[in-house]
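Taken straight from TrEMBL:
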type	residues	note
SIGNAL	1-24	signal peptide
ACT_SITE	Glu117	active site, proton donor
ACT_SITE	Asp258	active site
ACT_SITE	Glu351	active site, proton donor
ACT_SITE	Glu372	active site
BINDING	Thr475	Ca(2+) binding site
REGION	508-545	region 'Disordered'
Amino acid sequence: MLAYLITTILCVIHVSPVINHAKGEEGTDQELAHYRERIKSMFYHAYNSYLENAFPYDELRPLTCDGQDTWGSFSLTLIDALDTLLILGNHTEFQRVASLLQDTVDFDIDVNASVFETNIRVVGGLLSAHLLSKRAGMEVEVGWPCSGPLLRMAEEAARKLLPAFQTPTGMPYGTVNLLMGVNPTETPVTCTAGVGTFILEFATLSRLTGDPVFEDVARKALRSLWKTRSDIGLVGNHIDVITSKWVAQDAGIGAGVDSYFEYLVKGAIMLQDEELLSMFSEYDKSIKNYTKFDDWYLWVQMHKGTVSMPVFQSLEAFWPGLQSLLGDLENAMRTFHNYYTVWRQFGGLPEFYSIPQGYTVDKREGYPLRPELIESAMYLYRATGDPTVLQLGRDAVESIEKITRVNCGFASVKDLRDHKLDNRMESFFLAETVKYLYLLFDPDNFLHNSGSMFHTGSGPQGDCVLGAGGYIFNTEAHPLDPAALHCCSRAQEERRELQDILLSFSETAGPPAAQTGEEGDPADGAQHRPLDSSESIALKPGARRKARALSCPMQPFSSRLAVLGQVFTDST
């Protein structure tokens, strides 16, 4: 099944150039170029407004032309926009901002930060920028992509989040103080997405740095959450991370749950992981059985499957894109068209939409410039070339420009019924909405690479092929290159094997096999004393030798290491 999924995702990401370069209904090259320039103009109007009026605050307030801190005082919009700069082709500004962030961002601060938001926006944004830095023309240090200043920043930010995972279940608290850890009065109730949306960033960190702690805590949280599903295979909306008891038992694919399912699929693809794919496949069966009605997905009671909220939420609009990654294009297109009709009704997607009434839900009429439907359009157009999908992109450009553009950027829509505006421009507008719009109209962007172009790593694994395509977007639209994970993890495995060889030279010879008991312990009181760490030539003082990790069957490094023509074998 995993092999089939990988084949499918490659087909979706690298669809035939015939589709992407086709002329006719879906748009000429001139029209695509016209929209690309308009989207660039949108980006720079918002970006320059942030720099001029809001930096170093997290976000721009476009109606009052000032800034505010929202998610932790990280200059968040700048971090979120960094990889978008490169995607738009602006190498010089990418380089300037990457250097600026290294000088100005401090994670050692007394701030209560969202664990979920800090991960997807800050850790994800810095990891993506790190992996794209060579393409942006930055001089990378020896060892890249397994080392680098942006990677170290991402690791520092992620370490600040680790105390949140110190719970009996391994599921994290929702917020953590970056200086002092989890507040003793912190609520143990966390949304499902806040538990299950770490594997992409944390596994990337572990495999680039060689420290397994990040991937370990992300996997433990996923497995704990998996164990809490109901008898009919559904999960609720909010859970107590101490007791594993469900606090909110509404099951669906929208707010509070969405990116959990997204990360099971994308994690399976990026890490070639059967366990994650199997989890999603089981959930998908239950979702289709209990929540799907006429190509809409409703909210149901997680134990009974009875409808609790017959609404569509704007965050659910990612689902057709996820379906396309799984190769389920027919269902993806039908669901996409349902959501598109809502967009055309209002000029945007309201946060909640009553399916029976065909109208907005009270107090949920806003549109904060979310990207999810545009994200799905990008995936589906890459996969199908359907001109109606491209039309959503045109509509989005026109709507956003006409309704939300103000003198200082773009403002969230407070109410889609009368198009009143709110004084906020969230960082995801530059990280996701503009990025996905641009990629929809840019079939030749390097992120759509089908493997025809690549470069090699310059670090421990100089023959690694990087940047050849197959990028995985995290839920904040920060692209990650799976090849880099393989490059660094392989180099780290070989370093561990070399360490084992050096350790074997540091140890005194043990007793012959004939003198050992069945369990390998010395017989007759024979002693086998390894050298102290201070005597070892391979370990740092105080460090312990780690058990070897399992690896694919291949010629071990020890049999390939040669000095003056002599090959060291395991018996040497």
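Using N, Cα and C of the backbone, Cβ positions are placed for all residues, glycine too.
Keep in mind the model is a prediction, meaning the values are calculated, not measured.
Structural mapping of features recorded in TrEMBL.
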residue	record	Cβ neighbours (10 Å)
Glu117	active site, proton donor	20
Asp258	active site	24
Glu351	active site, proton donor	21
Glu372	active site	24
Thr475	Ca(2+) binding site	25
> Whole-number Å distance between the CA of Glu117 (active site, proton donor) and the CA of Glu351 (active site, proton donor)?
Replying inline: 19
>> Using only C-alpha positions, which one of Asp258, Glu372, Thr475 is spatially nearest Glu351 (active site, proton donor)? These are the recorded positions in the record.
In response: Glu372
> To the nearest whole angstrom, what is the C-alpha distance linking the residue listed as 'Ca(2+) binding site' and Glu372 (active site)?
Replying inline: 10
>> In whole Å, how far does the CA atom of Asp258 (active site) lie from that of Glu372 (active site)?
In response: 11
